[in-house]
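According to Swiss-Prot, the active site, proton donor annotation covers Arg23, on the basis of sequence analysis. Taken from Swiss-Prot, the feature Mg(2+) 1 binding site covers Asn87, Asp103, Asp107. Annotated Mg(2+) 2 binding site per Swiss-Prot: Asp105, Asp107, Asp120, Glu123, in sequence order.
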Amino acid sequence: MKIPKEGDFITIQSYKHDGNLHRTWRDTMVLKTNENSIIGVNDHTLVTESDDRRWVTREPAIVYFHKKFWFNIIAMIREEGVSYYCNLASPFVLDNEALKYIDYDLDVKVFKDGEKKLLDVEEYERHRRNMHYPKEIDHILKENVKILVDWINNEKGPFSKEYVEIWYNRYHQLKK
């Protein structure tokens, strides 16, 4: 697939390690692309679960995907402030169908007050055993949790004060 341009809409698909489709987001607006990353926005975006349940995102969210890091970041913009949901996941690939990645269950939630919480550890351990995650994947994911926490603590990239404001403003310029 050609690299999407600013203002294009793409589909995002997350898979599980066993190859099963996990979740699909329709019509994510691309805000920026470069050779390693894609920044987009979901705003009342249709999400389809693997069991065909559908729901629509409630608030705008700036999404960040990278080709080298094993996580993606969702900055959820709410009236009371910005919170983050970070998925430990494979680097993304892009094909003619969608931006795709493998979701590895572990998540880091960052609350608007900066508190961090590691989520779904039991689900990760269960899937690691049942889907036979290689030891290399387990090691890579644990190292990427450390990188992610460093980004959070040092307000790097998507966690900087300006990031959400810059990209949310850009979204409003593009949607006119």
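For all residues, glycine too, the Cβ spot is worked out from N, Cα and C.
Sequence features, as recorded in Swiss-Prot, placed on the structure.
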residue: Arg23; record: active site, proton donor; DSSP (3 states): strand
residue: Asn87; record: Mg(2+) 1 binding site; DSSP (3 states): strand
residue: Asp103; record: Mg(2+) 1 binding site; DSSP (3 states): strand
residue: Asp120; record: Mg(2+) 2 binding site; DSSP (3 states): coil
Checklist entry - Around the Mg(2+) 2 site recorded as Asp105, Asp107, Asp120, Glu123, what other same-chain residues have a C-beta within 8 angstroms of the site's C-beta center? => result Leu88, Tyr104, Leu106, Leu119, Val121, Glu122, Tyr124
Checklist entry - For Asp103 (Mg(2+) 1 binding site) and Arg23 (active site, proton donor), what Cα-Cα distance in Å is obtained after rounding to a whole number? => result 9
Item to check | Any further residue of that chain within 8 Å (Cβ to the Cβ centroid of Asn87, Asp103, Asp107) of the recorded Mg(2+) 1 site | outcome: Ser14, Phe71, Asn72, Tyr85, Cys86, Leu88, Ala89, Tyr104, Asp105, Leu106, Asp120
Checklist entry - What residues, ordered by sequence, lie under 8 A Cβ-to-Cβ from Asp105 (Mg(2+) 2 binding site) and sit at least six positions away in the same chain? => result Leu88, Asp120, Glu123, Tyr124, His127
Checklist outcome for this item: Around the Cβ of Asp103 (Mg(2+) 1 binding site), other Cβ atoms within 10 Å, all chains included, total 19
Checklist entry - Which has the fewest other Cβ atoms within 10 Å: Asp120, Glu123, the binding-site residues listed? => result Glu123
Checklist outcome for this item: Cα-Cα, Asn87 (Mg(2+) 1 binding site) versus Arg23 (active site, proton donor), nearest Å, comes out at 13
Checklist entry - When you tally the Cβ atoms that lie within 10 Å of each candidate's Cβ, which of the recorded positions (Arg23, Asp107) has the highest tally? => result Asp107
Checklist entry - Cα of Arg23 (active site, proton donor) to Cα of Asp107 (Mg(2+) 1 binding site): how many Å, rounded? => result 15
Checklist outcome for this item: Other C-beta atoms within 10 angstroms of the C-beta of Asn87 (Mg(2+) 1 binding site) total 23
